[in-house]
Amino acid sequence: MHGEDTHPDVPGVPAPEEPTVQEPTEPRAPLPPKPDQGAPAPVSATGRGPQDGAAARSQDGAYLTNAQGTRLPDSDHSLKAGPRGPVLLQDHHLREKITHFDHERIPERVVHARGAAAHGVFESYGAGAGISRAAFLAAGARTPVFVRFSTVLGSRGSADTVRDTRGFATKFYTDEGVFDLVGNNIPVFFIQDAIKFPDVVHAAKPHPDREIPQAQSAHDTFWDFVSLHTEATHHTLWNMSDRGIPRSYRMMEGFGIHTFRLVAADGSTCLVKWHWKPKLGVHSLTWDEAQQLGGLDPDFHRRDLADAIEAGAFPQWELGVQVMPDTPEQTFEGIDLLDPTKIVPEELAPVRPLGLMTLNANPTNFFAETEQVAFHPGHLVPGIDITDDPLLSGRLFSYLDTQITRLGGPNFAQIPVNRTHAPVNDMLRDGFHQDAVHPGVAPYKPNSLDGGCPFFAGAEEHAFVEHPLPVAESKKVRESPASFADHFSQPRQFWLSMTPVEQEHIIAAYTFELGKCREPAVRERTLLALARIDARLCAQVADGLGLPAPEGETVEVDPSPALSQLGARWPVAGRTVGILTGPDTDPEALAAVREAALAADLVPLVVAPSGGDPDRVQRSFATARSVEFDAVLLAGTPGPAADATPVRDARAAGPDDTVDPRIALLLGEAWRHAKAIGGWGEPARDTLTAAGLPADGEGVVLGEDPVQVLREVADLLAEHRVWKRFPAPGGGE
Ligand code: HDD
């Protein structure tokens, strides 16, 4: 404070206060570079100083400069004619700063705008070496990767937990060039031909007049399109299943969807479908959790991924392939391998593991890396070739094209996150955002002025040589093969492969989405499609909408048990356990349980009334909600604390005054969302009863030994939820 001081320039006005928090004046040590952030060889036009963007602009120098490297004495005040006078046009620093800011935003991706990403490494088992010559599939090869997960429909600022397909795009920085596997968490696609992509996206995006709804398919135009265009039925059914609301990016499968052709060193080929299998299993939120999280933590998936990596709980996936013979028909067991709306059931072609991917580093800068990464299914390496899937063919055009608008020109491969780790020796020149200062005078071939360089490579020198597949003699047509007309057999197979709980969730999802459609014709047409999947599915959705259920013909198919998410047990590493405490909590028991939880790689979060030890207490009754816990433990009586502000609003109306209403709400939600609940001693039993929950209910573990209770709860967590508790009492799910 300056007390009586007056302003040095304006008489009678108090002097401005000194800021209490000062910006650091000492330069920080730069962060270590990530493997894919290596600068290109610095080629300087003058031969002096760094010319590379990453090195020159890393903000680790001692003095603030402008974009030209000139040091600045002030960046907080415009240049004015006196402190109260007009701002001068000659303020070039102001103009540079604001102009740059005005252009900070780039167009968001037309689809998959919202995403989160991480760096990692892919380690090959060598099991793919016999079927593909790709160097990164050789035994022991370690390849840096960058993975971006995304939702499809929402814009950049939309919520993570909406019902939608998730993108799963991986960039492998191999020694032979970049390989991009641009997949989704659903193994089939909406359309069979890329020419329909603008249609499906226009239908699914918000209505053009009001720009609603955001980030979801629950609206007329989407269901109008998919009910008229029944090849979308299979993908839509997956979307309406629990796959549409993943628990975490770390717990999603990934699929390359199209059939690819692998080429071995001896020239032999096979057809494959790519799969990513998460080590933590495939798990989903409940719809109710997803709704709550949309408001309570719209960044739930993004935060979960970054937190896990920061904590050292590196997520892992096995990359595998289903291998099918490369026959002229390109079918397998009657399934057309060129149809991207079809799967090959894993019972018919098991997934062969090829290697392990570990995500072990968060991006340093969201814009530079996550936003500017540019994937393209045409980024292929020797040993991996395409098939004639018409959806894939269109994608090979689209991705290159979109980056030119999005990243401002054809030189996006020079952006650090997109740079290959293989030496580049191209003849591409000039253009917007050209970073390189190319030497040489002959960027053309053939040339003699640059000594004929660079030379062409053959397959032996790791060139990408297209597989010389015979092209069928035919006539030009705009039509699909007859096999593409089967739109209902695999949707029925998916439905029949679901457990009753999963089927209930699908029914609820269709009912919700169609309930948001205003046009009767759209709902009726969708019910007709559902009737062709299954009569009960159709009847129950119709019932929910108050409409008559139409009849439809269904086909005979065998279920594929691998499609269900239930029935297996998975590692519990990284799962959160909320520990609810009260005044009578035994500190020793609490410490022992926390220790045991940490030893089991669980994340224990202690919830206390208020005013607890900040080193031990992570949440208060006022800040804890059930949706951030995978399981809940009662370590005492979380009754109303003397010093806690009583909450008696409608959401928190507890059935009994002996338990804090916020905790009654939390326990009720944990019960409804089928989460394991544990506790020890009489207080736990009393609290459950006071919260209106059955102490001997399914998935409730009460005992005397706190560590044993934790172990049993962790055992229940291995199945993700207490599935027997569905459908939830009160009809929650
Ligand atoms: Fe696509 C982005 C996945 C069909 C056109 N797509 C994009 C991303 C993923 C997919 C994961 C985000 C990549 C990132 O994180 O940057 N897309 C798929 C899958 C498809 C598919 C699995 C079908 C099997 N896509 C598809 C078609 C077209 C596009 C048929 C156009 C004909 N996709 C694009 C795009 C995007 C894109 C417009 C938007 C931003 C971008 O490419 O870089 O070009």
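Just so you know, glycine gets a Cβ as well, placed from its N, Cα and C.
According to TrEMBL, the protein has these features:
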- H112: active site (ACT_SITE)
- N184: active site (ACT_SITE)
- R109, R148, F197, R395, Y399, R406: heme binding site (BINDING)
- 65-453: domain 'Catalase core' (DOMAIN)
- 1-59: region 'Disordered' (REGION)
- 66-85: region 'Disordered' (REGION)
Whole number in angstrom, please: the longest C-alpha to C-alpha distance across R109, R148, F197, R395, Y399, R406 for heme.
21
Based on DSSP, name the secondary structure state of N184 (active site): helix, strand or coil.
strand
Minimum Cβ neighbour count within 10 Å among the recorded positions R109, H112, R148, R395, R406: which residue?
R406
Kindly state the mean pLDDT of the domain 'Catalase core' (65-453) in the predicted structure.
96
Can you tell me how many other Cβ atoms are located within 10 Å of the Cβ belonging to F197 (heme binding site)?
18
Given a separation of at least six residues and a C-beta threshold under 8 Å, show me what packs close to N184 (active site) in the same chain.
V152, T165, R166, G167, F168, G254, F255, I257
Please report the three-state DSSP label of R148 (heme binding site).
strand
DSSP-derived structure type at H112 (active site), helix or strand or else coil:
coil
According to DSSP, folded down to helix, strand and coil, what is F197 (heme binding site)?
helix
Using DSSP, would you call Y399 (heme binding site) helix, strand or coil?
helix
Round to a whole number and give the Cα-to-Cα distance in Å for the pair R148 (heme binding site) and H112 (active site).
10
